[in-house]
Amino acid sequence: MTELSAHLPQFQHGQMTENFPDNHLSNTNDNSERRRHDNSERRRNDNPGSETNGQPQNNIQQVVDQDEEEDEELTLKYGAKHVIMLFVPVTLCMVVVVATIKSVSFYTRKDGQLIYTPFTEETDTIGQRALNSILNAAIMISVIIVMTILLVVLYKYRCYKVIHGWLIISSLLLLFFFSFIYLGEVFKTYNVAMDYITVALIIWNFGVVGMICIHWKGPLRLQQAYLIMISALMALVFIKYLPEWTAWLILAVISVYDLVAVLCPKGPLRMLVETAQERNETLFPALIYSSTMVWLVNMAEEDPEGQRKASKNSTYDKQAPANQSQNEDAEADDGGFSQEWQQQRDNRIGPIESTPESRAAVQALPSNSQTSEDPEERGVKLGLGDFIFYSVLVGKASATASGDWNTTLACFVAILIGLCLTLLLLAIFKKALPALPISITFGLVFYFATDNLVQPFMDQLAFHQFYI
């Protein structure tokens, strides 16, 4: 911009004039300069579209083409790259759940139900079972809706400390209590003898490191691993304590609710995302899995505006002595731009004079000085609830399909296909989209189709020893 402004003509009273350094030149020289200037103006008038703001249009077109190519490269890079970076954690979460369901009988044994599903499905008639499952699903979805609205209201009114405490308590339960139960059942299944002191040390280290990585700072891979683990633990709890028909109904209804909550103008999840974007804040890492690092430090401040102003003032105070020292250094070391160099430049192109018109013209030029998004902030973000319900679907399919791997793999592939289509729509519409509807719909269709059509067909083929 500095080099470009040196060649900008001055616009005064609607006429284009230039200042030349030699005021002692004769009238003949002045006339010759005027003639050359008039000839240059005629050439510009003959080619009116040749220059714009001192830049040829060909160069501008090249810059636009380069920007478009860079945008396409970024779309491909941060599109396909982050699709793969989301496939891996979703796959890992579902693999952990399925492996646990297949090996640890504790999570397939019916020992009770959640308090949110009070109606039992152990009934004499199918109609009564269907009614009880509908009531259980309605209560569960109502609890989810109320909790979501409460979270949005707290975030809307900047109750960050309340939300943070809520999430910390939830993380403590998952990382310590449910992890202790999970580890104990795994040791029982594989007949591993372990004393309580060693188990306590393992759980303590696991939980403390997880709390630090999730709610403060930690390596990206470690944070992602903990988010995957707590999602798998929560999914295992749902798989164990949700009745079969209730679980399928909840999955169907939660996908519809996710669609409404994200896409409706007054949907709670949409309001949450829009509020975070308006405040230029990241959502809590305990709620969101990101393919890039998300740290949460100093969000729970009572007056973020005042904090921002104070930080700006402190920045200016710190920059003032630095600028003074830089000026002193510039006087001692001119970096090659000495007085002789400036005089030679003035002799070649004339003195550079700044006027309000020239400054306005320079400021009107396109600038690339806008703050670009930090590479760490790029990436696709997926809610932990999506991980949980994906894993619940695959885990329930694995637990209730009589040990059939075909149904489990069909649901697994269906969820990944739905996630891929969701990310494709995300790249097209470039706004927050629900991740559950497509994947859950495909998963439910594949589950019932495979369990009721494909598996009996394959059993008959195996019975009659037919090979296709």
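FYI, residue positions are counted from 1 along the chain as it appears here.
Each residue, glycine too, has its Cβ placed from N, Cα and C.
What Swiss-Prot records for this protein:
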- 1-83: topological domain 'Cytoplasmic' (TOPO_DOM)
- 1-66: region 'Disordered' (REGION)
- 12-30: compositional bias 'Polar residues' (COMPBIAS)
- 31-46: compositional bias 'Basic and acidic residues' (COMPBIAS)
- 48-60: compositional bias 'Polar residues' (COMPBIAS)
- 84-104: transmembrane segment (TRANSMEM)
- 105-133: topological domain 'Lumenal' (TOPO_DOM)
- 134-154: transmembrane segment (TRANSMEM)
- 155-167: topological domain 'Cytoplasmic' (TOPO_DOM)
- 168-190: transmembrane segment (TRANSMEM)
- 191-195: topological domain 'Lumenal' (TOPO_DOM)
- 196-217: transmembrane segment (TRANSMEM)
- 218-221: topological domain 'Cytoplasmic' (TOPO_DOM)
- 222-242: transmembrane segment (TRANSMEM)
- 243-249: topological domain 'Lumenal' (TOPO_DOM)
- 250-273: transmembrane segment (TRANSMEM)
- Asp258: active site (ACT_SITE)
- 274-381: topological domain 'Cytoplasmic' (TOPO_DOM)
- 306-378: region 'Disordered' (REGION)
- 312-327: compositional bias 'Polar residues' (COMPBIAS)
- 382-402: transmembrane segment (TRANSMEM)
- Asp386: active site (ACT_SITE)
- 403-408: topological domain 'Lumenal' (TOPO_DOM)
- 409-429: transmembrane segment (TRANSMEM)
- 430-433: topological domain 'Cytoplasmic' (TOPO_DOM)
- 434-454: transmembrane segment (TRANSMEM)
- 455-468: topological domain 'Lumenal' (TOPO_DOM)
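Distance noted between the C-alpha atoms of Asp258 (active site) and Asp386 (active site) is 10 Å. Of the ranges 84-104, 196-217, 409-429, the one with the most Cβ pairs under 8 Å to the transmembrane segment (382-402) is 84-104. Of all Cβ atoms in the protein chains displayed, 24 besides its own lie within 10 Å of the Cβ of Asp386 (active site). Per-stretch counts of Cβ pairs under 8 Å to the transmembrane segment (168-190) identify 222-242 as the leading one among 134-154, 222-242, 250-273, 434-454. The stretch in 84-104, 222-242, 250-273, 409-429, 434-454 that contributes the largest number of Cβ pairs under 8 Å to the transmembrane segment (134-154) is 250-273. In the predicted model, the topological domain 'Cytoplasmic' (274-381) has a mean pLDDT of 57.
Outside the topological domain 'Lumenal' (243-249) by six or more residues, the chain places 113, 117, 120-121, 129-130, 132-134, 136-137, 140, 392, 396, 400, 444 with a CB less than 8 A from a CB of the stretch.
For Asp258 (active site), the Cβ neighbour count at a 10 Å cut-off comes to 23, with all displayed protein chains included.
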